[in-house]
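*Asks:* Sharing a structure here in structure tokens format.
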Amino acid sequence: MDWRGWAEIVFTIALTVAVGWPLGIFMARVWAGERTWLDPVLKPVEALAYAAFGVDRSKGQNWLGYAAAALAFSAVGFVLLYLQLRFQNLLPLNPQGFDGLSPHLAFNTAVSFVSNTNWQSYAGEATMSNLSQMAGLTVHNFVSAGTGLAIAAAMARAFAADRGENLGNFWVDLTRTTLYVLLPLSIVTALVLVAAGVPQTLLANVEASTVEGAKQVISLFPTASQEAIKQWGTNGGGIFNVNSAHPFENPTPFTNLIEVVSLNALAFGTVIAFGRVAGARKEAKALIAVMVILVGVAAAAIYSAETLTPQPAMISAGISDAPSNMEGKEVRFGPAASSIWAAQTTGASNGSVNAMHGSFMPLGGGVAMFMIQLGEILPGGVGSGLYGMVVMALLAVFVAGLMVGRTPEYLGKKVEAREIKFAMLAVLILPLTILGFSSIAAVLPVALEGLLNKGPHGLSEILYAYSSAAGNNGSAFAGLTANAPWWDTTLGIAMLLGRFAYLVPVMAIAGAIAAKPKLQPTAGTLPSDSPLFVGLLIGIVLILGGLQFFPALALGPIVEHFQVLAAAR
Amino acid sequence: MLSQLRPAIVSMVFFTALLGLAYPLAVTGLAGALFPAQAGGSLIRNQAGEVVGSEWIGQTFKDAAYLHPRPSAAGKDGYDASASSGSNLGPLNEDLAARIKGDAEALRAADGPGSIPADAVTASGSGLDPHISPENAARQIARVAAARNTAPAAVAAVIAENTQGYTFGFLGRPRVNVLTANLALDARYPKAQAKAP
């Protein structure tokens, strides 16, 4: 632990918000259909798209229509991706001659990328053809992010509406967000990454004859183009097995900075865009404050755990001069860059990693897991983090309203029974899925076969896997060998529930909110841009989102922490 | 929902063509034209033009005359650049404790009893870490210098040339590129003469 580490953490968070802010302002313009400087190039492409889709861009949708479009798009994407992966051996651009994926792995992977989770039960360099990486996974990195952002746009319009039902057009929001925001960002980022050392080639691999005369097969891929959207779209599915810990995905501290910033910037930007469209700029800043505070605390906690916890394995080998845990970490990053990445990637639903979370000290890995369990709203996935945070904000004003006995309001909309019911439905999906599946897996022999570590750490592997899947995060305690029928299938179901069983109640909330009259704040309104509200929202996130996982965490990382302290004595 | 089927299918095809083919191929073309070396994997070739490795990918070194990399969990024998992997062992795992203990004893036998830096006995996340810490490199200087029949200061100088500091003064960690340092050592102080009987 040193000042540079703390500086890296503070600087990274500050830069992430600073980059996200103007992006959010730009995205609000894109959502509103306004002119942008990219119009000369992209307008014709956009027009061509609508003509081909058979979509009238001026025609809005109500919440049902909007949700149906989003679900239809995801369903078609899932079927096509499943078939493509299952039969990649019959398709071109497969220089390594990889087989088609097994049914359970193709199911898991297709769900994973369609739901913006990007959980990887496979090792990319040993499984996926170039075509699968590009025309399959990269595409869904874009459009699953675009889907999330579109729904955030619909949510923003719901708060702006006054007794309306028009939430915009899903196809227009999806297309414009993808074309005007995600694609240009990815092109620029990919080229910067290549300049800094990330490969981008259609060559399968190179055979090197090493200095000591051994043979080394070096896997290469079109890495940079996938890396860029993997980060911007809070996807997280790497080309390689070890994700951004791989020196080809992330060769230097500079590429690490680009990647960790692009991982969260757009999710912060979504909040800014929401504030502009919903006419709630100050309130958006309050949401950003909540996110920054909790991500900052998490990063500090992980960094402290990784640098201060005594390591029994080191002590018993007589190594006293090594306070930092370097197992599973890269020398070029060290504990600080690994800690801020872990906090950002679990606070967002990104799930890319630059160090192995399964080898973190118990509290370091535990905080990462807890961040996912808080519901992926800090700042969460692009789009999905925003609408998740709005659900929490509705619950916060509801709880505050109960305390003072007034009908709660948020952003000029009365919050009534219908919205709260849907909000609770959405919020309960996560614990139901995570704790339900985990408790079954913890006693099922076929599930336990997949574990690498025993005892509390084994339970953490299970708990982390279902948290990651249901939270649509995608990172792992990778000791778990997940490519087996039980894990592939149940994790796939958890991902589906976490994305789509959440999305439908959220759209219902948007519909209900849009239909209400827009009220002017009165003396009795709880201001939702004040430090008091920030504190209240943090409390709701921690208590409502987090507390239900505490008993499970006590049996996993927390008890393991005390075992470590005892073993180090 | 059925009325949404046409846009769903057509848009999927449209996006696959644009984002799955045009985008990566355009980036590949641009990258190859602008930064051919990096785009191709930053490969390092010997004088005969054969690839000996990549600047970013660690490889195994066992000879006493070379700097040794970190332990690796990639592939069966470590540093398998087509099977990246960390150990994923938890902090209390017995295999981890046994591995660290064994590696520490081997390091003490090879390089003397001095303190051992953390990176010398821990496996990296990727299993392909091209770097070691400067402290880890410094610990190996005496052995490398003796094997090459040269002065420790000369080896230290080569290591220093292949060391990178903090980025912008505070990002990441200082590090020594094992492959480029060993190639520089071979170029300047060939071990062949040193090892001749």
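Including glycine, each Cβ sits where the backbone N, Cα and C put it.
For reference, TrEMBL lists these features for the protein:
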type	residues	note
TRANSMEM	A:6-28	transmembrane segment
TRANSMEM	A:63-85	transmembrane segment
TRANSMEM	A:139-159	transmembrane segment
TRANSMEM	A:179-198	transmembrane segment
TRANSMEM	A:254-274	transmembrane segment
TRANSMEM	A:286-305	transmembrane segment
TRANSMEM	A:386-404	transmembrane segment
TRANSMEM	A:425-448	transmembrane segment
TRANSMEM	A:493-515	transmembrane segment
TRANSMEM	A:536-559	transmembrane segment
*Asks:* Is it the case that the transmembrane segment (A:254-274) and the transmembrane segment (A:63-85) touch, counting contact as three or more CB pairs under 8 Å in which the residues of each pair are 6 or more positions apart?
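*Replies:* No, since the transmembrane segment (A:254-274) and the transmembrane segment (A:63-85) share fewer than 3 Cβ pairs closer than 8 Å, they do not count as touching.
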*Asks:* Does the transmembrane segment (A:286-305) reach the transmembrane segment (A:179-198) with at least 3 CB pairs under 8 A, where each pair is 6 or more residues apart?
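*Replies:* The transmembrane segment (A:179-198) and the transmembrane segment (A:286-305): touching, no.
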*Asks:* Between the stretches A:63-85, A:139-159, A:425-448, A:493-515, which wins on the count of C-beta pairs under 8 angstroms to the transmembrane segment (A:536-559)?
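*Replies:* Result: A:425-448.
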*Asks:* Between the stretches A:63-85, A:139-159, A:386-404, A:425-448, A:493-515, which wins on the count of C-beta pairs under 8 angstroms to the transmembrane segment (A:179-198)?
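*Replies:* Between the candidates A:63-85, A:139-159, A:386-404, A:425-448, A:493-515, the best contact partner of the transmembrane segment (A:179-198) is A:139-159.
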*Asks:* Would you mind listing the long-range same-chain contacts of the transmembrane segment (A:63-85), meaning Cβ under 8 Å and 6+ residues beyond its ends?
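*Replies:* Result: 91, 100-101, 105-107, 109-111, 113-115, 131-132, 135-136, 140, 143-144, 147, 150-151, 154, 158, 165, 167-171, 174, 499-500, 503-504, 507-508, 510-512, 514.
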